[in-house]
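Enquirer: Okay, handing you the structure first.
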Amino acid sequence: MASRFPKFSQGLAQDPTTRRIWFGIATAHDFESHDDITEERLYQQIFASHFGQLAIIFLWTSGNLFHVAWQGNFETWVNDPLHIRPIAHAIWDPHFGQPAIEAFTRGGAPGPVNIAYSGVYQWWYTIGLRTNEDLYIGALFLMFCSALFLIAGRLHLQPKRKPSVSWFKNAESRLNHHLSGLFGVSSLAWTGHLVHVALPESRGIHVRWTNFLNVLPYPQGLGPLFGGQWILYSQNPDSSSHLFGTSEGAGTAILTLLGGFHPQTQSLWLTDIAHHHLAIALVFLIAGHMYRTNFGIGHSIKDILEAHTPPGGFLGRGHKSLYNTINNSLHFQLGLALASLGVVTSLVAQHMYSLPAYAFIAQDFTTQAALYTHHQYIAGFIMTGAFAHGAIFFIRDYNPEQNKDNVLARMLEHKEAIISHLSWASLFLGFHTLGLYVHNDVMLAFGTPEKQILIEPIFAQWIQSAHGKSFYGFDVLLASTKDPAFVAGKSLWLPGWLKAVNDNKNSLFLTIGPGDFLVHHAIALGLHTTTLILVKGALDARGSKLMPDKKDFGYSFPCDGPGRGGTCDISAWDAFYLAVFWMLNTVGWVTFYWHWKHITLWQGNAAQFNESSTYLMGWLRDYLWLNSSQLINGYNPFGMNTLSVWAWMFLFGHLVWATGFMFLISWRGYWQELIETLVWAHERTPLANLVRWKDKPVALSIVQARLVGLVHFSVGYIFTYAAFLIASTSGKFG
């Protein structure tokens, strides 16, 4: 008899119902739960899957380059980045009528195309690519890398090439290689590319493989490096009249500390970026030689952690036993990695718009909005995942004996204090912020807007002033010409930085007022509530006063039967599930704030945000309703336009979102009864009853239906906002 899906679980494979399929899919990547799994095979499978993941990423990026080279307008765009719309790829759709063909034929293309809002054109332009041939070469190289990683993944599954568990658990060696190799060497290589290829290209000098060895990136070559005159590399930078991509106004410096932005491109100086990467490379190359491996020199992480005992003995045994706990738990390691990656992704969102690194990207408003929103949503999902795996660690990998009285045990012991403090912070923020918003709404509704409670964010304004913003009149630190910090930095990076901070055309240190104060606290409410749900889920994952034996039921369980009331919805998975709703809510507020603030800034109408953002009706009417007008009337009997597809996606997003509630509100019994009725009808319908199934159809489990509901809710929510964001921004600014 042929083996049935899933091969990794004989118990599931023999299940006579459709549960076999859904549970099979749900546990396909839960390698720990598979039949015949060993620790060694677990590590090897994950290792091999990493190569597959990298292969997919390289294939995807190769596809981006290939399609732009084939169907885009990169070479035309390069000649006029501010006025030509970058094309992502062509569209072929049999449903398009003449109005659609005309609407989507733009950017100088012969037929319908999609416009790129990803910023890749600006990135490729900044790093020195100029022709379609450059793009094709890049695509082929990445395709080669993709194939290489697939072969490497397969190779490491061969018996002779499988690494041992001890190799995987050699934390010091892995850290050294990742710090030095992954971050250090790659940053150094990137500095090399910027200095040898991107910088000359920005100054009108074309460097490729043919002349790579003949063109000196700096007139004196490596002389200043070996002569100890490093400052020479920063002398004669590009002037403020430099035209990017030409020799007009260009300098010869390669590593600078100018601060601020290139006046024409409105992006960071390329020489500053090269300098930054060189510094990063140096730091990580040193960091990658810190840990003790075969040579008996350097730090032992275990020794550091064991020695890290708090003074006075008040806080227990500190970090004792942490090394083994972390090193033997993949979920702990994944939780730490996801937490770090989540924070970094959110930082990318914040820095890409405030300190744009790519030439002309700051003037492409739709791209700026799309990139900010994209990275904040990604960050939200990654951060919630960190807590999910933290909870799984507590259930599957945590050993109370091994961690007696250390920092982990003490976190669990005083979890009530942690959770109740978070709860208090959430309630405080929620009631006060909502109270202020609602008060202001009532005042406007009753015709007395002067009675609004408007609080100036003076502490935040003071911090902005300390960084050099003079608008508020605080004579402090860099905002004061007499301050020692101001005097010390005057000859270095300060002139460029101060010019940028006080320029109203960019997004660096935006001017803030009462509307910002309120929405800041609304976002703080969202962050604290999301954190409360996630932290509670992880700290209560092993057990609570209500259910002391919770860990025995695993990560996701619906309830412990009817005889034990109140055990529904309290699994660690349920906490994750609830937190995702709050995370989406929070990211929604963050992106609403960012987008509204910026479209009023870009339109030269900052007063609209300042006046309307202090009460809820202002947000609903002057941000959401006003900017969705083109989407609500997106296509009609009289024709269509370039926004029609976004109007349709706006509608479709709402539909997907609403479908989620069907799974979230009605439970298993309803669906089981419905399925049985449909099966009865199917078996009695001519022709239809020729089709049979081997598995008896049964309803999804409670946990699975929640997941399906959550996925629909999330996808619909994001689709709806993505369509709104792109249409409302591109409709205004093109």
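Residue numbering: from 1, along the chain as shown.
Cβ atoms here come from the backbone N, Cα and C positions, even for glycine.
As listed in Swiss-Prot for this protein:
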TRANSMEM  46-69  transmembrane segment
TRANSMEM  135-158  transmembrane segment
TRANSMEM  175-199  transmembrane segment
TRANSMEM  273-291  transmembrane segment
TRANSMEM  330-353  transmembrane segment
TRANSMEM  369-395  transmembrane segment
TRANSMEM  417-439  transmembrane segment
TRANSMEM  517-535  transmembrane segment
BINDING   Cys559, Cys568  [4Fe-4S] cluster binding site
TRANSMEM  575-596  transmembrane segment
TRANSMEM  643-665  transmembrane segment
BINDING   Met662, Tyr670  chlorophyll a B3 binding site
BINDING   Trp671  phylloquinone binding site
TRANSMEM  707-727  transmembrane segment
Enquirer: Cα of Tyr670 (chlorophyll a B3 binding site) to Cα of Cys559 ([4Fe-4S] cluster binding site): how many Å, rounded?
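Expert: Tyr670 (chlorophyll a B3 binding site) to Cys559 ([4Fe-4S] cluster binding site), Cα-Cα distance: 18 Å.
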Enquirer: With Met662 (chlorophyll a B3 binding site) as the reference Cα, tell me which of the binding-site residues Cys559, Cys568, Trp671 is the closest one.
Expert: Trp671
Enquirer: List the Cα distance (Å, whole number) between Cys559 ([4Fe-4S] cluster binding site) and Trp671 (phylloquinone binding site).
Expert: 19
Enquirer: If we call contact 3 or more Cβ pairs under 8 Å (sequence gap 6 or more), are the transmembrane segment (575-596) and the transmembrane segment (135-158) touching?
Expert: no
Enquirer: Who are the long-range neighbours of the transmembrane segment (643-665) in its own chain, taking Cβ under 8 Å and residues 6 or more past its ends?
Expert: 100, 103-104, 628, 630-635, 700, 705-706, 708-724, 726-727, 730-731
Enquirer: Using DSSP reduced to three states, classify Cys568 ([4Fe-4S] cluster binding site) as helix, strand or coil.
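Expert: Looking at the DSSP assignment, Cys568 ([4Fe-4S] cluster binding site) belongs to neither helix nor strand, so coil.
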Enquirer: Quick one: pull the CA-CA distance for the residue listed as 'phylloquinone binding site' versus Cys568 ([4Fe-4S] cluster binding site), whole Å only.
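Expert: Taking the Cα atoms only, the residue listed as 'phylloquinone binding site' lies 19 Å from Cys568 ([4Fe-4S] cluster binding site).
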Enquirer: Looking at Cβ-Cβ distances, which residues of the chain lie under 8 angstroms from Cys568 ([4Fe-4S] cluster binding site) while being 6 or more apart from it?
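Expert: Residues satisfying the criterion: Pro558, Cys559.
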Enquirer: Count, for each of 46-69, 175-199, 330-353, the Cβ pairs lying under 8 Å from the transmembrane segment (135-158), and report the range with the highest count.
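Expert: Between the candidates 46-69, 175-199, 330-353, the best contact partner of the transmembrane segment (135-158) is 46-69.
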Enquirer: Would you count the other CB atoms within 10 A of the CB of Met662 (chlorophyll a B3 binding site), including those on all shown protein chains?
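Expert: Its Cβ has 13 other Cβ atoms within 10 Å.
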